Amino acid sequence: MAEFPAKVSTRTSSPAQGAGASVSALRPDLGFVRSSLGALMLLQLVLGLLVWALIADTPYHLYPAYGWVMFVAVFLWLVTIVFFILYLFQLHMKLHMVPWPLVLMIFNVGATVLYITAFITCSAVVDLTSLKGTRPYNQRAAASFFACLVMIAYGASAFFSFQAWRGVGSNAATSQMAGGYA
């Protein structure tokens, strides 16, 4: 039988040390914010916030059409925040089994279609639901304008994400090194 050594060296660690290592890995990638995808997502977030804030400040609950506009604006704003955080902290690289270019392209195409309907709905009912020159009229008209701008931003994102999905302008090595965004 082997004898137990007289000296045993031990090393202990606390859970706080292990947690610190995982938190430091979540550093934001500022290159993403400077990319076309990041800039368009920021634009979508700001303009989308304007759309739903302008509508929310009016008595929209009296008109079902504005309920649809609010649903589209708030839902897509929240989903865009999730995608922005995933890409900003490079969490999409940790979930490599998900085809992110395809997922982002499908989301952007769907968001474009939904914002087309929201823009048309919001624009069509401004005159029917408000008196010209009143505060609700001006807010709803501004929301229609910003809904059009968000629709264009999502359309541009759909175009760029389609190009990223098809691999236009890059090869596999540069796509991996760039983190999957242009």
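Cβ atoms here come from the backbone N, Cα and C positions, even for glycine.
Those TrEMBL annotations? Automatic predictions, nothing curated.
Per TrEMBL, the feature domain 'MARVEL' maps to 32-166.
Taken from TrEMBL, the feature region 'Disordered' covers 1-21.
Using a Cβ-Cβ cut-off under 8 Å and counting only residues 6 or more beyond its ends in the same chain, the transmembrane segment (37-55) has close neighbours at 66, 69-70, 73-74, 76-77, 80-81, 83-84, 87-88, 104, 111, 118, 122, 139-140, 142-143, 146-147, 149-150, 153-154, 156-157, 160-161, 164, 181-182. The transmembrane segment annotation in TrEMBL covers 37-55 (among others).
Taken from TrEMBL, the feature transmembrane segment covers 67-89 (among others). Beyond its flanks by at least six residues, the transmembrane segment (67-89) meets 26-29, 32-33, 37-38, 41-42, 44-45, 48-49, 51-52, 55-56, 60-61, 104, 107, 111, 114-115, 117-118, 121-122, 143, 147, 150, 154, 179, 181 of its own chain at Cβ-Cβ distances under 8 Å.
A Cβ distance under 8 Å defines the sequence-distant neighbours of the transmembrane segment (101-126), meaning residues of its chain 6+ beyond its ends; these are 37, 44, 51, 55, 63, 65-66, 68-69, 72-73, 76, 79-80, 83, 137, 140-141, 143-144, 147-148, 150-151, 154-155, 157-158, 161-162, 164-165, 180. Per TrEMBL, the feature transmembrane segment maps to 101-126 (among others).
What TrEMBL records for 141-162 (among others) is transmembrane segment. Panel annotation: around the transmembrane segment (141-162), residues 36-37, 40-41, 43-44, 47-48, 50-51, 54-55, 69, 73, 76, 101, 104-105, 108-109, 111-112, 115-116, 118-119, 122-123, 126, 182 of the same chain, lying at least six beyond its termini, place a Cβ under 8 Å from a Cβ of the stretch.
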